[in-house]
Structures are given as structure tokens and as C-alpha cells.
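I have placed the structure first, in the form of C-alpha cells, so that the comments after it can refer back to it.
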Amino acid sequence: MDQRNKTLRDLPWEGERLSFFHDLVEYSFLRTAFVGGILVASLSGLVSPIVVFRRMEFIGDGTAHAVFAGLAAATLIGADHRLIAFATALLFAFAVSLFSRSRISESSAIGILLPFFMAVGVVLFSVSGRYQTDVMGYLFGDVLLVNSTDVAITAVVLALSVILTVVFRWDIKYFIVDEKMARFYGIKTDLIRFLITSFIAITVVTTVKVVGVILTGALLILPGLVSKIFGKSFWSLTTISVIFSTGVFFAGFLTAYTLDLPPGPVIVIIAFVSFLPMLKFS
């Protein structure tokens with residue numbers, strides 16, 4: 001049984017591969033994977049500055065690992081992966097919030113829950129009998145998992161996220177800077193926190209298919225860090241983050257196509273390497 005991570009070579013090519021742009025026009029499955037990836041990168045770029053400025057990097061990474069349990073549960077019972085994964089992500093966020101109300105810090109709560117959800121995922125995958133075939137794809141991403149339905153759903157989610165960000169832009173900015181002051185000025189901080197948590201959960205669920213559970217944290221953090229270095233306003237932060245995220249996806253996808261490498265890890269490597277020179281401007 002083939003347990004290696006999938007590369008673009010594993011796609012169902014019907015003829016000889018020519019050039020990236022030629023094949024992008026020629027093969028619908030390649031276009032689907034590419035467009036889906038661009039949408040996912042745009043969504044993660046939109047959320048990333050909020051994650052970075054609110055110092056929610058750990059909860060973003062923890063949510064990605066929690067989603068693994070949801071994917072395993074969906075595989076076991078034959079349910080829709082997106083719905084179960086999203087529900088699991090929200091359950092994780094709720095559990096972290098519940099633990100944090102006691103004397104346990106948020107980071108400690110995440111540290112407790114993250115391995116628990118991962119362990120549950122491994123057990124459920126083992127029970128389902130599909131441990132070897134599905135786990136690598138979910139851990140490191142699998143371009144073959146992206147389909148037209150994913151693209152349509154991601155497009156709708158991205159559009160709604162943009163609309164909500166525009167509508168609640170002032171509330172989000174105040175919430176990011178000082179939650180207590182935002183509450184003092186009458187901003188519904190619980191609603192904003194729920195929206196942000198939902199953004200993170202949805203972004204994680206969509207991003208997992210492209211780069212996997214383990215690597216999702218990179219796309220939730222690196223674009224926001226880049227925007228923090230160069231951005232001067234809320235909109236410039238968001239714009240820079242989205243441009244960086246989509247840019248590294250394009251570069252990673254093109255490199256993976258050229259060298260027959262798994263796209264997810266290549267995208268994250270390029271994102272990290274691209275970020276390093278920018279540190280001198282910080």
C-alpha cells in the first residue's frame with residue numbers, strides 16, 4: 001500500500017505534461033486544485049493578521065490538530081468531513097475557553113487538549129481501518145482531496161469573511177488592540193471573539209486539505225508576521241498578508257509541479273524561506 005505523500009505526478013494525467021500554464025488550461029483537476037489553493041491562501045491571509053496581533057497563534061495550531069479528530073470521526077461514520085471538522089474545531093475552541101475560566105492558562109489548556117484530540121483522531125482512524133490510506137493526506141495535505149465542491153464552499157466562505165470583516169472592521173480593530181477598552185466603549189466583545197474563533201475554525205478546515213494538519217499553522221502565522229513588519233493600517237495589514245499568502249501558494253504550487261514534490265510542504269518551505277529576509281526590516 002502506497003503510504004507516501006501525494007505529489008502532482010499522482011494526478012490523473014491523460015497525456016504528456018508540457019508546461020505549467022498549458023496544463024493549467026488543459027486539465028480541469030489541476031485548475032480545481034490551483035483555484036482552491038488560491039482561495040484558501042486568500043482566506044488564511046485575511047485571518048492571519050488577526051491571529052498574530054491577538055497572539056492566537058497557539059490556538060490556531062491547536063485547532064488544526066483538533067480538526068484531525070473530526071476528520072477521523074467523519075471517516076469512521078461516513079459523514080461530511082467539512083461539517084464534522086468544523087464542529088470539532090468549535091468544540092476545541094469552546095473547551096479551551098472553558099478550561100481557561102479556571103486557574104489553567106489558555107496555553108496550558110491548549111497543551112492539554114491538543115494531544116488529546118490528536119490521540120482520539122489516531123484511534124478513530126485505526127478503528128475505521130483506513131489509518132494508512134488517509135492519515136498522510138490529512139497530516140501533510142493532499143491536492144487530490146480538493147474538489148469543485150470545496151472550491152465553491154471556500155469561495156462563499158471567503159466572500160462572507162470579507163463582508164463580515166468590512167462590517168465589523170472597527171469592532172475588530174478595537175478588540176485586537178485592547179479587549180477591555182473595546183468592552184468599555186460598548187463593543188460586543190463576545191460576538192467579535194465568536195466571529196474570530198469561527199474565522200479561525202473555518203480557515204483551518206479549508207486549509208487542512210491543501211497543506212495538512214501539521215503545516216496549517218504556518219499559513220495562519222507567517223502572512224500575519226509579514227504584514228506586521230510592513231503594514232501601517234488595518235487594511236494594509238490585510239492586503240499585505242493576502243498578497244504574501246497567495247504569492248507563496250503560487251510559488252509553492254509551481255515548484256511542486258516542476259519538481260514533482262508534495263505541494264503542501266513545498267508551500268510552507270517557500271513561505272518560511274521568503275519570510276527570513278524580511279526579518280531585517282522588523
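Any Cβ shown, glycine's included, is placed from N, Cα and C.
Listed in Swiss-Prot for this protein:
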- 33-53: transmembrane segment (TRANSMEM)
- 58-78: transmembrane segment (TRANSMEM)
- 79-99: transmembrane segment (TRANSMEM)
- 109-129: transmembrane segment (TRANSMEM)
- 148-168: transmembrane segment (TRANSMEM)
- 184-204: transmembrane segment (TRANSMEM)
- 210-230: transmembrane segment (TRANSMEM)
- 234-254: transmembrane segment (TRANSMEM)
- 259-279: transmembrane segment (TRANSMEM)
Same-chain residues near the transmembrane segment (58-78), Cβ under 8 Å, at least 6 residues beyond its ends: 51, 84-89, 91-93, 96, 106-107, 110, 113-114, 117-118, 120-125, 127-128, 130, 134, 138-139, 200-201, 204-205, 207-208, 213-214, 216-217, 220-221
Of 33-53, 79-99, 148-168, whichever stretch has the most CB pairs under 8 A to the transmembrane segment (109-129): 79-99
Best-contacting stretch, by C-beta pairs under 8 Å, relative to the transmembrane segment (33-53) and drawn from 79-99, 184-204, 234-254: 234-254
Per Cβ pairs under 8 Å, the stretch of 79-99, 210-230, 259-279 packing most closely against the transmembrane segment (184-204): 79-99
Residues of the parent chain within Cβ reach of the transmembrane segment (148-168), under 8 Å, 6 or more residues beyond its termini: 32, 35-36, 39-40, 42-43, 46-47, 82, 192, 195, 199, 202, 206, 209, 238
Positions on the same chain near the transmembrane segment (210-230), where near means CB under 8 A and six or more residues out: 36-37, 40-41, 44-45, 47-53, 57, 60-61, 64-65, 67-68, 137-143, 146, 200, 203-204, 236-242, 244-245, 248-249, 263-265, 267-268, 271-272, 275, 278-279, 281-282
